[in-house]
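Chemist: Would you mind keeping the following structure in view while I ask a few things?
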Amino acid sequence: MALQGSMSFAAFTLFLVLTTVSHGSFGRNINPPVYGICSSSVILHGYKCQEHEVTTNDGYILSVQRIPEGRGKDSGSRTRKQPVIIQHGVLVDGMTWLLNPPEQDLPLILADNGFDVWIANSRGTRFSRRHISLDPSSPAFWNWSWDELVSYDLPAIFNYVFTQTQQKINYVGHSLGTLIALASFSEGKLVNQLKSAALLSPIAYLSHMNTALGVIAAKSFVGEVTTLFGLAEFNPKGLPVDAFLKSLCAYPGIDCYDLMTALTGKNCCLNSSTVDIFLRNEPQSTSTKNMVHLAQTVRRGVLTKFNYVRPDYNIMHYGDIFPPIYNLSNIPHDLPLFISYGGRDALSDARDVENLLDNLKFHDEDKLSVQFIKEYAHADYVMGFNAKDFVYKAVVSFFNHQVNT
């Protein structure tokens, strides 16, 4: 069962890349946002937007966009607006929250409802490819996995937003953005600055995922790990990764054209125009070490720090032959959590979310809100044209409830 999970999650990490291959747009970025996310996707809709830089304790310079208020006179009357940090998943960046018309985009909806919105962009993505001393062409720049997102990126962004606003923070994560949040909360990180968290399509366990495409993609990926590990940057637009990924589409019975359905589930509510914009802007680079860690995460059925496999390496990093475990039952029981998952999600499968919820069984009953949307799959939560009605409205209500408690 755990092996099936590892296959499916590896397939997930390849999904965005393979989708661009299948549509013939691999390696091209049509009309890229040269001047940043604010100018290309926020200001033109009539919103104020600020570009910020946040430097992590290990030297990475992250791009963060702030939307301090909504547009027009009906943007909310609070004098001190509650801050919200929005965190994307793997192989994409903050742009994915802004692909629909403004009335359908979560950051803009939150701004219009009186929140102070901060969009995060993880290290390695196009606007966060900087470091105080390292260059992206250096392998050392890519020597990290999602452990570092837990230990450095999220704390740096939280500290920056808290310093700017002097208020506790609401958090929204999707997919990998939920995994790193859960891991952080389990270690007691961020919780002193956190007001509440909304986790959309939460990723913690993936044991029930298994498709023919997922098996083949994961087998190919796992079999190539030693080769790929020679590439510090996992660049979907680079020739070595390009050749590897395209080879997956040659397997009999694999239809690379409809990968979004095959890997994420049948998304109910994506406009073709939104998908086109998505393909013009994504995918983004990550580290190969991160890809390996993601596969490890689900293959072992538990959340652990990166496993260097060699006992002496693990001892050097952790003082033990085994990597430490992120124990989700350690998440504070009084932390307000909103969890939303879909019945058609082939990545955040309902049974796996229920496994996550079992880890939260001792959570204070009045602090845990759970939403199940039968028709939704993975991408609907970020790009669905009706997510504003089914999901974002509930998120706004959840955050507003925290303001009043």
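Using N, Cα and C of the backbone, Cβ positions are placed for all residues, glycine too.
Copying in the features that TrEMBL gives for the protein in this structure:
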type	residues	note
ACT_SITE	S175	active site, nucleophile
ACT_SITE	D345	active site, charge relay system
ACT_SITE	H378	active site, charge relay system
DOMAIN	42-100	domain 'Partial AB-hydrolase lipase'
SIGNAL	1-24	signal peptide
Chemist: Please report the Cα separation of H378 (active site, charge relay system) and the residue listed as 'active site, nucleophile' in Å, rounded to an integer.
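Modeler: Spelling it out, the Cα of H378 (active site, charge relay system) and the Cα of the residue listed as 'active site, nucleophile' are 8 Å apart.
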Chemist: For the domain 'Partial AB-hydrolase lipase' (42-100), give the DSSP counts of helix residues, strand residues and coil residues.
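Modeler: Secondary-structure composition of the domain 'Partial AB-hydrolase lipase' (42-100): 8 helix, 20 strand, 31 coil.
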Chemist: Provide, as an integer number of angstrom, the distance between the C-alpha atoms of D345 (active site, charge relay system) and the residue listed as 'active site, nucleophile'.
Modeler: 11
Chemist: Can you name the residues of this chain that are 6 or more positions from the residue listed as 'active site, nucleophile' yet have a C-beta less than 8 Å from its C-beta?
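Modeler: Spatial neighbours, sequence-distant, of the residue listed as 'active site, nucleophile': H88, G89, V90, L200, S201, I203, L347, S348, H378.
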